[in-house]
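Structure first, then comments.
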Amino acid sequence: MPEHLLTTVWTPDSWKSKPIKQDVVYDDPKELESVVRRVATLPPLVSQPEIDRLRAQLRDVAEGRAFLLQGGDCAESFDYCDPTKIEDKLKILLQMSLVLVWGMRLPIVRIARMAGQYAKPRSSPYETVNGEQILSYRGDNVNSIDPAQRRPDPQRLLSAYFHSASTINYVRLLLDSGFADIHQPEAWDLGYVRNEEIRREYQTIVNRLTDALGFMGVIGATGSGQTAALSTVDLYTSHEALLLEYEQALTRAVAKPTVQGGRKQPYEPSTPPRKPLAPELCDWYNMSAHFIWIGDRTRQLDGAHMEYFRGVKNPVGVKVGPSMEPAELVRVLGILDPLLEPGRVTLITRYGAGKIGNNLAAHIKAVQATAHRPVWCCDPCHGNTTTAPTGHKTRSFDAIISEITSSISIHRELGSRLSGVHLELTGEHVTECTGGSQELSHSDLPNNYQTFCDPRLNYEQSLDIAFKIAKVYQDERENGC
């Protein structure tokens, strides 16, 4: 590993000294500076205790005591900051986690791709629309999907902040209001699950859980603490931290805990300190989200994104595809996890059903030869994108399931364990991916194709995946594999 990657002092803006990929060029740099200064004065979107709680839970995932479910839109639109859309997304994640808990007998750590997933990397800065070359759409926090509004606009960073804040606020309101109350499964409408077999299987799980809770109530095992635990859940936010000016503006110093009288004192409140803290007395948290990740296009070892990520206390993810050499993966872990903290890094593998067999095993073996203990998470969506005869970008449900089951098998063969899935999904009844219990075909795609970026699993396809994963792990548990 290059010496300077280990010895240089980290600051929230040290990334500026590194080469950067997927950067956005604004017409007016001074306007950008003004917007970033404004964002830096705004309250954090998440708190340090919440981030630390997720760190502890991902440690459990890395050590096999929990399972990670991460999902949401490919790219959020500001229009998705809508009560119904937020409820739909939250509901499918909660229902999937209920299915997984039942099948796996493990706690589920839920991370949503929401409240900040507004930027998208692109393979080219330009695209052709109606025969005219224009700037590519880079996400709502950069420019508009409207071809006439493709100029990068710094004011959209402010809009991204306030849409994120509104989304997080509504999610917290829902969870605090009993939206996730496991005592009220009848409130989770199954009317859209047209496949009778899936509906019966899900209803069986709900009925068994309801019976179990009723029994616990009879024997007095649902005291106030237990009731609270069954009425709400932790749900964390995440996004690809692509625009580093924005991420830096929401990176805040938090005083390290101190030891007094033999007892560890807690962190100071996670607000910008009135006076600058000495570097050795503080930790830095990205408070735009609980969890952030580096994409496959921005993970250069000596690049700006890797430099930024190495200094924040948040748990972080790295997309790992066929282009990453095993030795490079080890160096990535060395940069991001120098203290060998289990669960600090989540490796989000994305190969494609046809390529996983040639790549995953080598990556697992390379990591096993080190002392790092990352979370192994399968992203079965990105490597399985194709173009349908209708011209729509789509993904095959069968290919997605194939990559998941192959990942489980390869990990098992090597004495490792797949500990999570990362899915692009929606709680809406769109027609963007083919297959699943609805048996959607290419001819069905135009019926309700809504995505302006990559295709998403719909509500029923998402439940299908939860049932299939749960069944695999249930069989493993019952057969003692």
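Heads up, the Cβ atoms here are built off N, Cα and C, so glycines get one too.
TrEMBL: automatically predicted annotations, no manual curation.
If you look up TrEMBL, you'll see Cys74, His382, Glu424, Asp454 marked as Mn(2+) binding site.
What TrEMBL lists as phosphoenolpyruvate binding site is Arg113, Lys319, Arg350. Note on Arg350 (phosphoenolpyruvate binding site): other Cβ atoms within 10 Å of its Cβ, all shown chains, come to 22.
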> When the Cα-Cα distance from His382 (Mn(2+) binding site) is computed for each of the binding-site residues Arg113, Lys319, Arg350, which gives the smallest value?
Replying inline: Arg350
> Applying the rule Cβ within 8 Å of the centroid of the Cβ atoms of Arg113, Lys319, Arg350, what extra residues of the same chain belong around the phosphoenolpyruvate site?
Replying inline: Glu240, Trp293, Gly295, Asp296, Gly317, Ile348, Asp379, Cys381, His382, His422
>> Taking only same-chain residues 6+ apart in sequence, whose CB is under 8 Å from that of Glu424 (Mn(2+) binding site), what do you get?
In response: Gly71, Gly72, Asp73, Cys74, Arg113, Cys381, His382, Asp454, Pro455, Arg456, Leu457
>> At a 10 A cut-off on CB-CB distances, which of the binding-site residues Cys74, Arg113, Lys319, Asp454 has the highest count?
In response: Arg113
> Which residues, same chain and not among Cys74, His382, Glu424, Asp454, have a CB within 8 angstroms of the centroid of the CB atoms at the recorded Mn(2+) site?
Replying inline: Cys381, Thr385, Cys453, Pro455, Arg456
